[in-house]
Amino acid sequence: MRTLWIVAVCLIGVEGNLFQFGEMILEKTGKEVVHSYAIYGCYCGWGGQGRAQDATDRCCFVHDCCYGTVNDCNPKTATYSYSFENGDIVCGDNDLCLRTVCECDRAAAICLGQNVNTYDKNYEYYSISHCTEESEQC
């Protein structure tokens with residue numbers, strides 16, 4: 001099921017939110033999202049369960065929690081406005097739902113960038129079957 005996330009990124013194209021999130025991640029980490037974050041640990045990618053495996057995976061856990069607070073739009077498909085200004089990601093929507101989605105993505109991209117030096121290749125393509133410990137609450 002988590003591999004569906006890769007397909008979703010490819011199918012959504014330039015208008016979809018997952019593409020926008022991927023651009024933010026690339027800007028902050030220098031890593032392509034499909035190869036580095038689409039299936040990483042227990043939370044990066046589609047769905048999530050168990051305990052986050054490291055700081056990178058925790059960024060994805062917090063991002064999932066943030067998406068859980070979004071009402072009135074689908075955070076995985078909502079298209080918002082944002083820009084890169086002097087290395088910062090700036091969300092520009094007045095619509096509360098779209099702005100919230102953008103801020104969730106912005107915070108996660110910044111978190112991933114702050115933890116890029118501890119990125120562990122052992123968690124790339126990590127099997128969800130290893131994610132059996134009880135999850136913390138959002």
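Residue 1 is the first one shown; counting continues down the chain.
Yeah, the Cβs are placed from backbone N, Cα and C, and that goes for glycine too.
Here CYS111 is paired by Swiss-Prot through a disulfide bond, and of CYS44, CYS59, CYS60, CYS65 its partner is CYS59. Listed by Swiss-Prot as binding Ca(2+) are TYR43, GLY45, GLY47; the candidate from ASP54, ASP64 that the record includes in that site is ASP64. For CYS42, the disulfide partner named by Swiss-Prot among CYS131, CYS138 is CYS131. Annotation in Swiss-Prot places CYS60 in a disulphide bond whose other cysteine, of CYS44, CYS65, CYS66, CYS73, is CYS44. As annotated in Swiss-Prot, CYS66 shares a disulfide bond with CYS104, one of the listed residues CYS10, CYS102, CYS104. Note: Swiss-Prot links CYS65 through a disulfide bond to CYS138 (candidates: CYS10, CYS138). In this structure the C-alpha atoms belonging to HIS63 (active site) and CYS104 (disulfide bond) are separated by 6 Å.
Listed in sequence order, the residues of the same chain lying 6 or more apart from TYR43 (Ca(2+) binding site) and placing their CB within less than 8 Å of its CB are ALA52, ASP57, ARG58, CYS60, PHE61, HIS63, ASP64.
Note: the CA-CA distance between CYS138 (disulfide bond) and GLY47 (Ca(2+) binding site) rounds to 14 Å. Cβ contacts within 10 Å of CYS102 (disulfide bond), excluding its own Cβ and spanning all protein chains shown: 26. Calculated from their C-alpha atoms, the gap between CYS59 (disulfide bond) and GLY45 (Ca(2+) binding site) amounts to 11 Å.
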